[in-house]
């Protein structure tokens with residue numbers, strides 16, 4: 001802490017260039033959500049029952065449980081090394097699946113396929129940890145927008161992969177898996193050179209400048225999402241149209257490169273006009289008067305004192321708090337049930353008479369993006385304006401998600417379209433809001449590990465709601481098929497599954513309301529700290 005020299009034009013541009021490459025990494029790191037695009041090919045090739053297929057999807061999600069390794073490594077290894085580990089692991093995991101689905105090798109034993117799916121699932125934890133931890137530390141005063149944008153592109157990645165594969169390869173599952181293996185590897189190799197920790201903004205002026213740039217990132221992301229959505233509803237045959245769609249999409253994804261270029265020119269010009277900038281004080285998220293108190297506390301007393309909510313917690317200190325377990329449990333209710341829908345979308349579509357489910361996969365992805373990006377910015381806005389606790393937004397998403405599951409259970413005409421949109425939207429809100437919430441309640445020092453503990457809900461939720469609940473209840477309704485495996489057609493196949501998941505979401509709603517009530521004081525402190533800083537900046541500006 002203390003005085004810090006202002007950032008140079010090159011370091012500011014490097015920070016934004018790193019964020020652009022982080023967006024690219026997130027654009028290709030949502031491959032865990034694409035299982036429905038090739039699950040039917042695996043089921044047919046390996047003659048699996050629905051329970052066996054669901055357990056394969058659980059193996060994929062169990063890979064996220066080993067994300068604890070990425071969390072531990074994030075405090076010990078540089079960001080480029082973490083990205084390399086994730087990209088190489090993904091190349092091996094999805095590469096092996098591609099060899100099987102493309103029939104270049106005979107189907108591997110079931111346990112070996114579980115291992116390779118687990119590797120593919122774990123690869124994304126390294127990418128996500130490297131990107132989220134680095135960017136939230138670089139832009140700690142805009143955690144909501146950072147989380148919303150990055151998590152938003154994770155949601156869009158499913159649609160990006162699905163639509164490009166549909167446009168260029170007619171949705172061929174083997175070519176789709178080839179893309180999942182190779183594209184993330186290449187993108188991560190690019191990010192290795194640019195994504196690293198750089199000192200965050202320390203003044204109100206810099207914070208406002210960041211907010212303007214994030215508005216541009218949000219606008220570009222919305223354009224990409226709308227573009228993908230339009231393609232999903234007006235898919236046109238023809239090689240020329242398909243190539244044109246892909247080229248325009250790649251140009252849109254590359255367009256944020258203009259921001260680091262602009263920031264470099266603007267910072268260089270401003271430092272020429274005002275070279276003698278005052279020293280800047282790096283302030284904590286909460287009120288700065290706590291710094292004065294710390295000087296009077298001995299080191300021994302500091303070690304003995306249990307950190308308060310809002311201060312840096314080790315993972316063990318966080319796990320001793322009731323707030324952590326409320327957040328963990330409510331997160332499970334939202335993302336666990338959402339994972340069940342994503343993993344079973346292929347069979348859900350077939351049960352309701354849809355042969356091609358790529359549109360539903362893309363809808364969940366695109367509206368998951370809108371949920372992420374809107375909730376990130378909106379929760380940040382209301383936190384700054386009124387001190388609104390972020391868990392309230394999670395509560396709203398949980399009750400809406402319950403409505404979506406009831407619509408799916410009723411199986412009225414068009415319910416799969418509406419249900420896909422609602423579940424995708426609410427799943428996105430949960431992911432985007434929980435990320436900054438965890439950092440605000442338990443600090444940034446050990447954030448990488450705390451984040452990956454929370455992400456354990458993905459494999460746990462997949463096992464409970466997809467592997468057990470959906471698998472057993474589907475098989476109970478299904479009829480055997482020739483050559484092994486089984487199938488079920490009709491609204492009854494998943495009705496009980498959706499009803500149970502709606503009840504789980506109502507429980508999650510109650511937990512989020514409790515957490516919002518318990519943390520209203522900490523969010524009040526964050527709000528007052530920011531208001532006092534803005535007031536001080538305004539007074540200083542008026543005095544000049």
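Cβ atoms here come from the backbone N, Cα and C positions, even for glycine.
Annotations in TrEMBL come from automatic prediction, not curation.
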Message: Of the ranges 110-135, 240-265, 266-291, which one does TrEMBL flag as transmembrane segment?
response: 240-265
Message: Between the candidate ranges 293-318, 449-474, where does TrEMBL place the transmembrane segment annotation?
response: 449-474
- prompt: Should the transmembrane segment (176-195) and the transmembrane segment (148-170) be scored as in contact, given a threshold of at least 3 Cβ pairs under 8 Å and pairs 6 or more apart?
  reply: yes
Message: Check for me, if you would, whether the transmembrane segment (216-234) reaches the transmembrane segment (348-371) - at least 3 Cβ pairs under 8 Å, residues 6 or more apart in sequence.
response: yes
Query: Given the transmembrane segment (392-411), which of the listed stretches 81-98, 324-342, 348-371, 449-474, 494-517 has the most Cβ pairs that are under 8 Å apart from it?
result: 494-517
Query: Taking 3+ C-beta pairs under 8 angstroms (sequence gap of 6 or more) as contact, is the transmembrane segment (417-437) in contact with the transmembrane segment (148-170)?
result: yes
Query: If you count Cβ pairs under 8 Å, which stretch among 348-371, 449-474, 494-517 touches the transmembrane segment (324-342) the most?
result: 449-474
- line: Given 148-170, 449-474, 494-517, the one sharing the most C-beta pairs under 8 Å with the transmembrane segment (348-371) is 148-170
